[in-house]
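First comes the structure, then the notes that go with it.
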Amino acid sequence: MAFIKFNKLWLILILIATIFSVLYLYYTLFPGNIPHEVYKYFSPAEISKAQKYHKINRLIYITSFLTKAAFLLWLVFGNNAIKLSYYTEKLVSGKYYVNVFLYFIALWVILRLISLPFSLLSHSVQVEWGFSVQTMASWWSDYFKSAALDFVFSSMGVLLLFVALNKWPNNWWVSAAVFLTIIMFVQIYVYPTFIAPLFNKFTPIKDQKIINMVKEISKNAGIKIDKIQEMDASKRTTLANAYFYGFGKTSRIVLYDTLLKNYPEDEIKAIIAHEAGHWKENHVLKSMLIGIVGLVIGLYFLNILIHSSLFLPYGKRMTPAVLAMIYLFILLINFDTTPIQNYISRQMEKQADLLSVEYLHDKKPVIKLQIDLAKKSLLDVAPPPFMEWFSYSHPSTMHRIKLVEKAN
């Protein structure tokens, strides 16, 4: 009979996650005092309102993580993952790959059901605080679209994974790394063309002021922009954003319609300059390459973990129960490496902020933008140091303002 053994690698992953969870919860409940310098830019009422908003969102996030972690720990180390595989095997009369697929469906549905209340709660919070204008019908439509895409691609990936696990039991992770790397590059082309239009409408920008603005900044940055598009973000959110996408010499910039409607020209220009900085420094490609390195390292350790903690009867093919182990590993490793991922992201954001000043030849609109974004988006402008270190993909507003103020 197959069984899963708790070992030191699992202990390390769980211990790190526990420490981070306790600290995250502590600083969510007790964020500490606000530095006096913050009041130069924001009123006590604005700061208090933002803190209340983020406290709610952080509690939802950490509760969701702990709930999923508790379920997967119970499933894996309570021998329930193995029991579930025997049950699904009986249902399909021992047909191996049908059993794998059925096991995946069962686990996928359970995890979706666990996450659903938190997703609904998060949406209701966004509506209550005025950041979401999406109806429940629209929300459910998006949910089922994303769930369908996730199910299709995940099920295909799982079946290919089990082929690799059985064909190359010791080196499956190498083929998995190669396959996932190819997928990462392919999605650069697939996402903007086929996936994104399922959720939003993209139209060419006709406002000549914006077109000239983009051309001026792209000239200062020494980059070429092929398309300038507007996205109908306002059908879901009041929040503003912009981003570059593409690969190689082909680049497009997408501006949220909420940005174009609710922000003055100098701040729109500052956002475009910031995004141009990302593109100039190839941050998309660099992030992808760093992600590939992390993927390879993660798969290598997952392989070690599987062989050191999963015991199968001699000659038996890989049990579908390994899926529960993989889900648990992904959940823990993503959580445990969040500070590393966010540190890298913050360095890129700092670089883009400084480049935006260079392209604009002016600090004022960049600082003005940070203040306006913080007020309109209820950003926690001076979070506890641990919270910024652990969970912030962008530097906090005060750190961004200080960085720009010191820029030459």
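Using the three backbone atoms N, Cα and C, a Cβ is placed for every residue, glycine included.
Summary of the site annotation: TrEMBL records Zn(2+) binding at HIS274, HIS278. Screening the candidates GLU349, GLU388, GLU405 against this entry identifies GLU349 as the one listed for that site. Counting only same-chain residues six or more apart in sequence, the Cβ atoms lying under 8 angstroms from the Cβ of ASP353 (active site, proton donor) belong to HIS274, GLY277, VAL366, PRO395, ARG400, LEU403, VAL404. In the three-state DSSP classification, ASP353 (active site, proton donor) falls within a helix.
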